[in-house]
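Chemist: Shown below is the structure under consideration.
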Amino acid sequence: MKHMNESFPEDFILMGFTKYPWLDVPFFFALLTSYMFTLLGNIAIILVSQLDSQLQSPMYFFLTSLSSLDLCFTTTTVPQMLFNLGGPNKNITYIGCMTQAYVFHWLGCTECVLLGTMALDRYVAVCKPLRYPVIMNHKLCRQLSSTAWLIGLANSLLQSTLTVQLPLCGNQELDHFFCELPGLIKMACVDTTVNELTLAVVATFLIMGPLSMILVSYSYIAQAVFRIPSTGGRLKAFNTCSSHLLVVSLFYGPGIYIYMQPSGDSPKDLIKVLTLFYCVITPMANPFIYTLRNKDVKGALRRLLRRAILSKKI
């Protein structure tokens, strides 16, 4: 039992930016503001997609799935981060840490696959517009979305379980804001080559697979867009696809840097900033990227607000 207690501590100390204590207060308020915008933006996307009859298409089904995923993704880490930043206690329980690692990895992998699926949806919409409602029927959309969640879950169960089994020999200080697999692997007091290679190889497949699907889809989409005779049609297709491409860039960029070289000698503070970027900034930015460049969503938001105001007057 003593060996178990030394190998697996009761709690961890999340170091975060503890060597910059003056950052705690401004970072707390910046994180709180970002989290509030994330909640409001993604909930608004879900509501308008579900309540507006003009947004009952596969594109908005996947957008709703992405918003739901982002809500869960950011809620997995941000409340704990706010708790640690708001006071002197920087701890998280061992069970809480492992649960956070499992869920965070699950949701991150799911988003990788879902973004690739959304690119496939855009390919069918632009390149096969007449057959789009038949091909991307509601049953197929649900199957594709469920597949993304199941792939993410299977990978998380594999990777997180391998990581949880590593002995820590009493190490409690986790040099991060939350429990993420690369940081937990580095805490181990045994050879972690197998864990690092497994993480890098599986991450390569899970990142590069959907990314290759995205690049191939958009190469066909670009050819189809240039063949559209009207300028308005080309602009509409470009605006819809550019929103998705921007979201892909914000999410995949930091993920590739962190997960495809887990044993690298990258600066720790840079890794922390990049991780915060894709787990805090990207979920906040996604709703605004899609609404600011999408007339349908903006129109649906206006109609929803108008209905809410009229119902209050009645």
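Keep in mind that glycine also has a Cβ here, set from the backbone N, Cα and C atoms.
The annotation domain 'G-protein coupled receptors family 1 profile' is assigned in TrEMBL to 41-290. TrEMBL lists 27-48, 60-82, 102-120, 140-158, 197-221, 241-259, 271-292 with the feature transmembrane segment.
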Chemist: For the transmembrane segment (60-82), which recorded stretch in the set 27-48, 102-120, 140-158 gives the largest number of Cβ pairs separated by under 8 Å?
Modeler: 27-48
Chemist: Are the transmembrane segment (197-221) and the transmembrane segment (27-48) near each other by the rule of at least 3 C-beta pairs under 8 angstroms (pairs 6 or more apart)?
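Modeler: Since fewer than 3 Cβ pairs under 8 Å link them, the transmembrane segment (27-48) and the transmembrane segment (197-221) do not come into contact.
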Chemist: Could you check whether the transmembrane segment (241-259) and the transmembrane segment (102-120) come into contact, where contact means at least 3 Cβ pairs under 8 Å with the two residues of each pair 6 or more apart in sequence?
Modeler: yes
Chemist: Out of 102-120, 140-158, 271-292, what stretch is closest in contact terms to the transmembrane segment (197-221), meaning most Cβ pairs under 8 angstroms?
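Modeler: That would be 102-120.
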Chemist: Which residues, given as numbers and ranges, are at least 6 beyond the ends of the transmembrane segment (102-120) yet have a Cβ under 8 Å from it?
Modeler: 59, 62-63, 65-66, 69-70, 72-73, 76-77, 144-145, 147-149, 151-153, 155-157, 159-160, 178-181, 206-207, 209-211, 213-214, 217-218, 244, 247-248, 251-252, 255, 278-279
